[in-house]
Amino acid sequence: MHSVYTKYTIILILLVIYQGLPTNTQVASRIFGVGSKSSGPLYRQLIDIYSYTYDNAVFIFEDLPIDVILTQVDYIDYVGLDRCISHEYEEIFNLVQFPLAGQAIVMTYNIPELANLDTRIVIDRQTLGKIWTGEISKWNHPDIIALNPTLNGTLPDKEIKLGYNDDGNVSISGIVQAALSSFYGNFATEFNNAGQLFANMSFANESRCVNIGPSSRERFDWVKNTTYSLTFVNYADVFNNTNPNISVMNMYNKAGNLVEPSLESVQFAMADFKDEYSNNNFALDVFDAPGNNSWPLSYVNYIVMSKRFFQLDCSRADVVLKFIAWVYTNTAASKALTQNQFYPLDNTLKKVSIDNIYIVKCNNVSVSEQQYLISFGGSTSIVPSWLTAFTSGSIVAKYYSTLSSNSIELLTTHGCDFAVTINGVDQKFYQEIEDLAVMPLAAFSIVPAYNIPEIVGKTLVLDIDVIVKIYLGEITNWNDTKIRNLNPEISNYLPNAIINVVVQNIESDINQIFTKFLSQESEIFSQEIGQTYNPDLSLFNSSVIFVDDIDGLGDELIDNKYSFGFWTDFGVRLLSRVQTVQMASLKINDDIIEPNYDTLKNAISSESNQIARSTNSNVWPITSMISIVYPETTMKNKDKAVAIAEFMYWTQYDPLAINSANNKGYYLASSDPQLRSVVLDLLKNFKFEDESVSSYANCIYQGSICSNFGTCIESACICNSSRTGTYCEKIITDSENNTLIIILATVIPIACIFGLLLLTLLIVIIFLLKHRNTTNNDWEIDFSELEIGETLGTGGYGEVYKSIWKGTEVAVKLISSKHVSKDMERSFFEEVKIMTSLRHPNVVLFMAASTKSPNMCIVMEFMSLGSLYDLLGNELIPEIPYALKIKMAYQASKGMHFLHSSGIVHRDLKSLNLLLDSKWNVKVSDFGLTKVKSELDKKKTNDNIIGTIHWIAPEILNDSTEVDYILADVYSFGIILWELLTREQPYKGMTPAAIAVSVIRDGMRPPISDEAVTAHSIEYIDLIKQCWHSDTIIRPTFLEIMTRLSNILGDSSNMTSGTSSSSLSSGGIGKSITDSKSSNSRSSVESSNTSNTFRGIDRHNSHPTGEVTVAFIDIISASKLWEYDPDGMCESTKMYNEIIRRVTKKYGGYESFISKDRNSGEGSFCLVFSDAIQAINSCEEMQLQLLNANWPKKILQHPAAAEEFDRTDQLIFRGLRVRMALHCGSVKISQDPMTRKYQYSGSTVNITGKITTLTHGGQIIVSENLYQKVNNDFTFITVGKIDIPDYPSKMTLYEIKFEILKNRFFGGITYVNYNDDTDSGTADDSNYDSGKIIDIDYMADIDKEDSFLTSANMCRWIINYDEISIGKQIGLGSYGIVFNGKWKGVDVAVKKFVKQKLSETQLLEFRAEMAFLSELKHSNIVTFIGACIKKPNICIVTEYMRMGNLRDVLKNPDIKITFANKLKLLYGAAMGIDYLHSSNPMIVHRDIKPANILVDEHFNVKIADFGFARIKEDNTTMTRCGTPCWTAPEVIRGEKYCEKADVFSFGVVMWEVLTGKEPFAECNFMKVSLDILEGGRPIIPSDCPHEFAKLIKKCWHAKAHKRPTMTEVVQQLMLITEQFDHKV
């Protein structure tokens, strides 16, 4: 019966697939899949990780019992099965199945007696079969004791409680049943007799046996709760078990060996069947595999889908195939699977599996157009780097390191597309593959490497004899006489230290190469050790360090002082500490040979020309050639053959490939004439079905391209002028020239006639084009074509505006044109011409430009999510998944690699210049225009001549003469990687000068905490440190950065996915995986545009939908409190915000996102709840917590926050008065693309807001709608009826009365109580109908300011930006741009901050400081009028000073200032600074300089730009900063400082006013900083009055405590003025 059921089940499943796929897809690909409950966690994990890669689809997966899968007919794109289907069913239903991942089934038991024993029960196949037939029913059965003698007496005399399940043949239950049948003949017989059902077997009738759930997780839960139980589960479910009673059995396999479940044992089981797999037979099980190391209960999960179907749109199937290929090729997928005990296919099976992708056809055309190249080969750094760089949208290449001979073996069985060898090819392979071809690619040296700290930077010389004796243990110390004799110049430095020999303790090509070399050179070595892949040195040497990692020998050399071993030249170069591990020279025949490029080149040249090495004394003796091995004429797939040929040519001739090889120390085959001919001839002979596959084949002739006298274009030679012929092989002779003359004499007259006609036509066309206002430069536009919108940002060279061009949103960067010359216009034109030709997915697209002053601008694509800097600092995004961080870093490095490959260096790389589009793709911006920027810098003063210090490399800060700007960009990228790691600002709290000095002098870098190291991979931390290393040689290129980031979290083409559990501890994928495992319902992973990017973020954003309850929370009289006590109100608002959010979270509410034109945390909240009762309960608790909060004392002294008691002395009011209103209904929901926060809008929200404006502080009002839902749960008092917009009739409002706050009374309203004689109660419908509710003027007793929400914005110093008429730009500072303007008819100066995205805390502190500054009044400080607080127009408004700043006045040749007037100017400035220092609290200016001392038309001076220290610091991070000419040394050192820092600055200002010159003119940033630290000061003129000079010196004294106070400076200036007047 069961066999019939099983067959019927399989057929129905196949019908599901067969019927489900051939349906028309929707506009967006929606991928539906189902699978067994046991495979559910596997698919959820893969989908979660993959969704980071493919963002144009929606993956929906359900894990179901096998029979329930049948109900999903209309949806299925694929089915996930625990077991293969037969070849018969494949053919009948036109299906293809892909093995996805292996798993181990384990027998899991619960035995309390074994809880404290570190051992597992061991079982063999037959004994396990007996347990499942019932022949063995007790744990202490003799057969079990025999296999576990150490547990004799411990195993209990208890019945084995068996948990079984019959879920069908293609489930995990079916696999166990089949495996047991294979293990034990009696089980097979009884099982078949029972209709192939556990339930019908004899043991199932016993009370100890239970039929439990179909999923592995259900069975595991049963075991946990049942002592002495046994069942079968996936190892993935039990792997992390912490219950000491629970364990799993180890087993003897078919080969009789004891094995345990693991990645290796399952992969061994899969590999046992690789011959069948290679023959394209996937319809097989892997349990009870015959191999020595195979786990007997292994199985493979399969994806099954149709391979022939017809659809209008085939994209959905393409997505499924891309997903499958990604599982095979993505490193991150493999890592994540392994960590959760799902085992990726053995690498040798992946190529065979992936080739099945091409048999899936839609409309008789192969669905997949992408080529996947799978290759194996020797361990080498260049091939993976090449493949990473070569990978494109149509080609994905994957390389696996193994022995060279193993890779060629795989090629013979079609286990890879091509092999790579680094030690040649054994002759046997030429017999197995008759057309085997071997193409040389690049050579490298193998070198004796050592770690001897005492001789770092010096050269060590060894010879063969010494090296052999080191390996044989005859020389054990570095100061051995033989080594000293070879190194007389450094013999005194050689340490008395034991030589630690490092060798690979595994089979490796490097072992084979160096032992072969030593065996050839030394008969003793040949006899004792000989040529071998794994030398055993333990017999000869007691100081050996064995390495099990094929790439790990270099790491051991680094970690162990006085170590030695043969390693690759490129391996030494890749080590992070190159100075520590060095390469020894070799003495051969009295010649000392260094391991370098020249000796490698000579070695390869000698070999290729068959010259004996002995004839050339400068030849490195031990080298290896990397060669690609492939079938020359019998490739099975033409497209793959074409891709491989393209890769071959690319490695030899592409500049990117050449640079990569050269940087890593390789010698390219194409660099040698003989080898170049070999390469090209092999490329020409590479064929598929007798047709050459290389696009260059038709140009290759006698080992050259176009005989070296032409260029190959579109598979044909274009010859130089002196050559002709198909291959440019013929030289043009004189006779040919004569013939040519005759032909030309005939043709030219005819051609001239046609030429005249064409010229006329051309003139007409040019005329028409000219009148159509077009140019040859299609990127050139007229500025009038742009609709300029809001400001997006400001930089050192102009402003960026959001604009519209041709109906498209764009970003327009308007170049500052104040100093633009004609030469700059020309440079701008030429540079923009280059920039617009650049196209890369990770570089911001230059779309157009206007190149004429005064409107020079660049039009770029609009990046809607802003900068990476903004993202990392956005407090509304609580977590960013680690995988997403790596993805963003990878994309940025890819963009930078493209720029560097295009000959462009950035010079200002920082997180602010990495922008994100709507799909969260990172793109590099603000590069290029080097000449224009340089010219603009020359026009500026030394107050603004350097970029953002935080990201600048030390060699640039130090003004080094030879700067490699490519590596300087890498340094900047290191800081960006740190920002991604920590989400903090680099060097927070430090001034630019302090940063620069610390970076150069002290080698300071941003700190990496232990927590960060723990939470992220060590590879990522190492990459950061290498990028920002002070030694530029250590810094990697961006190509290497790409490769390393790719290795951290997957391939560059599929940059996605998970990492270790520790790496994900901060959230993201790891949590998503955990969550999905516990879910048995539908898992939907939406990959459209943005949602996938936030798998780790969205889980925090559970939001109410449908009909909801909206609550508005608002502080009344906030403006009065802000004006009364700004600091107290700042702290109170923070406290209030924290209380509201904490209680909201407790009751399941959601804080609606604030629209872009409003700021959060200003006093009003819009909260949304799914449950109305919870909403009201939260309001009650908020009121109680607000009543008992620890408010600032001064705030409580104001009537709007004072304590109030009722008649019984019960406290009813204290602190902020907060009103609350609630209403329910449907809402509109939108989502912010960056924060993923939801914003609620619509009439329900509007009505709630209106009700709130009618509510008193401390009162809670609900709408009629909400009242009708909850009137039986709370006590209400009816307030009255009011007219509400968006509501069809008058609405009745109700006040909620809570017992503890029932005596709160709100004047001005007549309450109608419907509980007769009681003081409180619940209104009911009968009373409502009685007509007692009265209309009221509810506003009668509410202050005018409280008739609006967020009354904090009604403070007198908060200005509406729309009321300001902005004029021209009049200044540009380190943190903002200054415009003149008019406000209410008054001339004002408007300083707009560069950083418009302030955090909630920053905005509150900004408000407090505004309130404080608005109270300052002095004739020598600029009057603060107010501020605008809504982005994108956050700014401060001050009085306008017509004469500009003191610097402008000093530089104006038309203004002659006498010394007396200079004293007057300085006296006024000193008075202003002294006033700031005397205020309470004291204001330290921090930036005293002439640019911040303004002058009016009457020559009165006023200090400007004081206050807002925190915002200035944040804005300075975003902008280019000036030199520290006026900065005190303690500030430069990064020490704590006081108001005396302003005194120092004023001393420099005094000198500047005295001389009219700029301090430290022509000095760069670093020189100024160091000069100030070392006591350097501007030279005081000899004719300076003595007392004045004395005061200057006192002011700029190096020690702060020896400087005068500003009060003393004022007094001294007054005395000097009096003395001068007296003399005059």
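Using the three backbone atoms N, Cα and C, a Cβ is placed for every residue, glycine included.
Going by Swiss-Prot, these are the annotated features:
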- 1-25: signal peptide (SIGNAL)
- N152: N-linked glycosylation site (CARBOHYD)
- N169: N-linked glycosylation site (CARBOHYD)
- N200: N-linked glycosylation site (CARBOHYD)
- N205: N-linked glycosylation site (CARBOHYD)
- N225: N-linked glycosylation site (CARBOHYD)
- N240: N-linked glycosylation site (CARBOHYD)
- N245: N-linked glycosylation site (CARBOHYD)
- N364: N-linked glycosylation site (CARBOHYD)
- N479: N-linked glycosylation site (CARBOHYD)
- N541: N-linked glycosylation site (CARBOHYD)
- N720: N-linked glycosylation site (CARBOHYD)
- N737: N-linked glycosylation site (CARBOHYD)
- 747-767: transmembrane segment (TRANSMEM)
- 786-1049: domain 'Protein kinase 1' (DOMAIN)
- D908: active site, proton acceptor (ACT_SITE)
- 1054-1101: region 'Disordered' (REGION)
- 1054-1093: compositional bias 'Low complexity' (COMPBIAS)
- D1487: active site, proton acceptor (ACT_SITE)
Cβ contacts within 10 Å for N169 (N-linked glycosylation site), all chains included, total 24
Per DSSP, to which secondary structure element type does N200 (N-linked glycosylation site) belong, with helix, strand and coil as the options? helix
Over all shown protein chains, what is the count of other CB atoms within 10 A of the CB belonging to N479 (N-linked glycosylation site)? 14
The most crowded of the glycosylation sites N152, N205, N225, N541, judged by neighbouring Cβ atoms within 10 Å of its own Cβ, is N541
Output, ordered by sequence, the same-chain residues six or more apart from N245 (N-linked glycosylation site) with a CB under 8 Å from its CB, or 'none'. N110, I111, P112, L114, A115, T227
Just to verify: the residue among D908, D1487 with the fewest other Cβ atoms within 10 Å, which of the active-site residues is it? D908
Rounded to the nearest Å, what's the C-alpha distance separating N225 (N-linked glycosylation site) and N479 (N-linked glycosylation site)? Just drop the number here, would you? 67
At a 10 A cut-off on CB-CB distances, which of the glycosylation sites N364, N720 has the highest count? N720
What whole-number Å value do you get for the CA-CA distance of N205 (N-linked glycosylation site) and N169 (N-linked glycosylation site)? 22
Can you figure out which of N152, N200, N479, N541, N720 (the glycosylation sites) comes closest in space to N169 (N-linked glycosylation site), comparing Cα atoms? N200
Which recorded positions (N152, N720, D1487) fall within 10 Å of N200 (N-linked glycosylation site) by Cα distance? none
DSSP-derived class (H/G/I helix, E/B strand, else coil) of N205 (N-linked glycosylation site): helix
If you rank the glycosylation sites N200, N240 by how many other Cβ atoms lie within 10 Å of their Cβ, the lowest count goes to N240
I want to verify one value. Collapsing DSSP to three states, which class is N541 (N-linked glycosylation site)? coil
With DSSP assignments reduced to helix, strand and coil, which class does N479 (N-linked glycosylation site) get? coil
Segment confidence, the domain 'Protein kinase 1' (786-1049), expressed as mean pLDDT: 81
Anything within 10 Å of N152 (N-linked glycosylation site)? Look among the recorded positions N364, N479, N720, D908, comparing CA atoms, and list what you find. none
Between the Cα atoms of D908 (active site, proton acceptor) and D1487 (active site, proton acceptor), find the distance and write it as a whole number of Å. 24
Nearest-integer angstrom distance between the alpha carbons (Cα) of N240 (N-linked glycosylation site) and N364 (N-linked glycosylation site): 47
